[in-house]
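Contents: one structure, followed by commentary.
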Amino acid sequence: MPSKFSSKYVDTEAISNDDDNPFATAKSYYSKDTDLSTRVSAGRPRTLSTSMEASAAPTIPELKNLRRRGSLDEHKQPRKFLVDVDKTLNALLESEDTDRNMQITIEDTGPKVVSLGSASSGGYRLYELRGTYQLSNLLQELTLAKDYGRRYILLDERRLNENPVNRLSRLIKGTFWDALTRRIDASVLDVICRDTKDRSGSHVNRIYVPKAEQEMYEYYVRAAKERPYLNLQVEYLPEEITPEWVRDVNDKPGLLALAMEKYQDDEGNTHLRGVPFVVPGGRFNELYGWDSYFESLGLLVDDRVDLAKGMVENFIFEITYYGKILNANRTYYLLRSQPPFLTDMALRVYERIKNEEGSLDFLHRAFSATIKEYHTVWTATPRLDPKTGLSRYRPGGLGIPPETEASHFEHLLRPYMEKYHMTLEEFTHAYNYQQIHEPALDEYFVHDRAVRESGHDTTYRLEKVCADLATVDLNSLLYKYETDISHVILEYFDDKFVLPNGTIETSAIWDRRARARRAAMEKYLWSEADSMWYDYNTKLETKSTYESATAFWALWAGVATPRQAAKFVDVSLPKFEVAGGIVAGTKRSLGKVGLDNPSRQWDYPNGWSPQQILAWYGLIRYGYEEETRRLVYRWLYTITKSFVDFNGIVVEKYDLTRPVDPHRVEAEYGNQGVNIKGVAREGFGWVNASYEVGLTFCNSHMRRALGACTTPDVFFAGIKEESLPAFENLSIHKN
């Protein structure tokens with residue numbers, strides 16, 4: 001490490017901030033108000049120090065024979081360090097980041113010790129920081145301080161050795177949610193219009209607005225004129241959106257408008273602004289379907305009701321004008337939805353705002369939109385299977401999905417390219433415009449689009465069969481729609497729910513629909529012999545044998561009888577439970593992985609937040625508290641372990657069988673959140689949510705064990721003789 005240096009003369013007593021919050025957000029902690037370079041005192045010299053070896057300290061003759069390990073002295077008050085940001089950051093990376101990836105992890109082979117000068121000694125007395133966790137936290141703090149333009153900082157020791165459970169939860173609540181928040185209006189159009197999936201080669205930004213939203217259209221036209229550098233085109237959507245129109249507009253793709261609200265500025269003028277929403281990860285700018293539901297669960301835990309409500313409002317807007325909750329709000333997604341969760345989402349938000357003015361109107365609008373989507377999307381052709389009465393993921397569309405990489409389907413298409421003596425571009429155009437007819441290829445893309453609508457892209461469970469499957473996940477969700485709608489009509493609208501077109505809905509009809517779906521699911525999806533819920537192939541009229549964690553959704557929705565739940569927990573739960581939580585599918589169902597059978601991200605051994613959360617709520621709904629806590633601890637341990645050992649990362653999914661590095665997932669899409677530089681800035685939406693939701697299931701014993709990174713097996717062995725208190729204050733909708 002470099003030796004100590006003299007820099008500014010800083011009066012450390014004058015800037016002492018013992019009363020300041022050491023766990024404030026980075027934006028607050030590294031604000032200009034705490035900038036040491038603005039607090040210079042000419043009267044008394046002090047020194048700032050970078051991290052350094054103790055032997056490099058200046059020699060004082062009178063003390064040269066005294067050797068004290070000041071860094072190991074006991075102390076009652078938390079220390080504060082005076083730090084030169086750039087020099088300490090560079091020295092830290094040089095010494096500790098041995099693989100040069102801008103992270104400090106357990107895989108780096110540096111000494112794992114640095115020394116910092118204390119503020120109370122003016123940077124003279126050095127104290128050691130040891131271990132991966134403290135050093136990676138130091139790297140994160142220095143990176144953030146540099147982001148905020150800080151040259152020198154007064155860094156509280158408590159910020160470096162903070163309990164990792166508290167630190168991660170604090171970051172999610174105070175930093176990650178804000179970093180993932182977007183809105184669509186003039187203030188952010190230059191960022192929000194960017195589309196990493198746009199293959200058209202055009203440099204034109206486009207936004208498409210519903211025909212009925214004239215004020216919104218004029219707003220964006222005005223914004224385009226005021227900001228010519230945006231190169232923004234504002235287009236009206238046609239009244240009727242057809243597969244042909246969606247195909248044709250792939251040559252000029254664009255963003256789809258979302259809800260806006262009116263507000264008054266300080267001068268009393270009225271303006272429009274976008275209703276905010278949360279995106280799945282840092283590289284996204286769109287409102288996604290089922291990601292938003294799980295994010296809302298975490299947002300509500302963290303009292304970010306405004307964002308959860310905003311996403312419901314945006315979904316109402318989408319159903320009103322685009323006919324469905326979209327995969328995401330881009331033109332190429334106009335025919336594709338995602339797993340529907342709107343009733344539960346709206347009810348949870350309503351519970352938090354029910355005493356506010358307009359809350360009942362909010363609930364009415366949300367459920368009116370849900371009923372429209374239910375009838376026109378999920379129980380209509382082509383998604384409804386008339387014989388079973390069950391529904392399938394089966395979106396419309398023509399040609400090859402345009403949002404994929406240009407080469408994504410090249411291996412599949414090459415035989416056809418050779419057959420017709422065409423290049424990839426030539427064949428793609430001819431096929432998309434039905435100049436070439438290949439029934440086998442048509443069927444492939446019907447299933448491919450269905451897999452994408454399911455949200456489970458990709459998995460061997462759904463590959464080449466998805467559009468024919470009445471899946472347990474979709475039908476559990478629709479059962480939940482039916483029971484929620486029945487409950488809301490009866491409890492909140494006196495059993496008379498008037499739709500915008502004047503139609504009156506009663507609870508009885510929705511109750512009958514729910515009972516009919518439950519009977520059909522028991523007949524076609526439930527296996528008494530296997531104690532398992534399976535998908536049903538409506539074309540072959542046979543049950544699938546793939547064991548998927550979506551079976552837990554039947555418990556979450558309340559489809560299962562108590563007897564079925566008991567059999568499922570006794571026989572099937574052990575097939576999914578591994579060291580890190582619930583795997584997406586069982587090892588038996590995956591089969592042998594090889595060159596011709598590569599790993600898929602929604603298969604064993606990977607685990608995803610949606611499957612964990614729905615399993616927790618499903619199990620606790622039927623009274624399985626011990627099993628719920630066990631699964632919660634496993635999943636939170638997986639996230640916490642990666643966070644502690646790998647520089648604070650929070651990733652999209654985890655390999656639940658890897659005890660050391662579960663964030664490393666070997667699958668076709670990689671893993672978002674792995675390649676951070678210095679600090680994780682937003683985590684991943686539904687993983688953030690799963691952590692916050694999971695902590696609501698934890699008692700103090702579990703939190704302490706997680707903070708100490710106690711492995712699940714050790715923790716469970718320690719509590720085998722001990723009874724844990726019952727769950728309290730869990731929000732579980734059992735309608």
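Every residue number used here counts from 1 along the chain in the order it is shown.
In case you wondered, yes, glycine gets a Cβ from its N, Cα and C as well.
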Of Thr38, Thr47, Thr545, which one does Swiss-Prot label phosphothreonine?
Thr47
Phosphothreonine: annotated position in Swiss-Prot, out of Thr34, Thr50, Thr105, Thr657:
Thr50
According to Swiss-Prot, which residue among Ser7, Ser49, Ser95, Ser120 is annotated as phosphoserine?
Ser49
Would you identify which residue of Gly149, Gly174, Gly455 Swiss-Prot lists as part of the substrate site it also attributes to Arg283, Trp290, Asp291, Asn327, Arg336, Ser337, Gln338?
Gly455
Residue carrying phosphoserine as stated in Swiss-Prot, selected out of Ser51, Ser121, Ser169, Ser723:
Ser51
Taking the residues Arg283, Trp290, Asp291, Asn327, Arg336, Ser337, Gln338, Gly455, which the record names as binding substrate, find the longest CA to CA distance and state it in Å to the nearest whole number.
21
Sort the recorded positions Asp97, Asp108, Glu652 by C-alpha distance from Asp291 (substrate binding site) and give me just the closest.
Glu652
Tell me which of the recorded positions Trp290, Arg336, Ser337, Asp457 ends up closest to Asp108 (Ca(2+) binding site) in space, Cα to Cα.
Asp457
Please report how many Å separate the Cα atom of Gln103 (Ca(2+) binding site) from that of Ser337 (substrate binding site), as a whole number.
38
Distance check, please: Cα of Trp290 (substrate binding site) against Cα of Asp457 (active site, proton donor/acceptor), rounded to an integer number of angstrom.
13
How would DSSP class Asp291 (substrate binding site) in three states?
helix
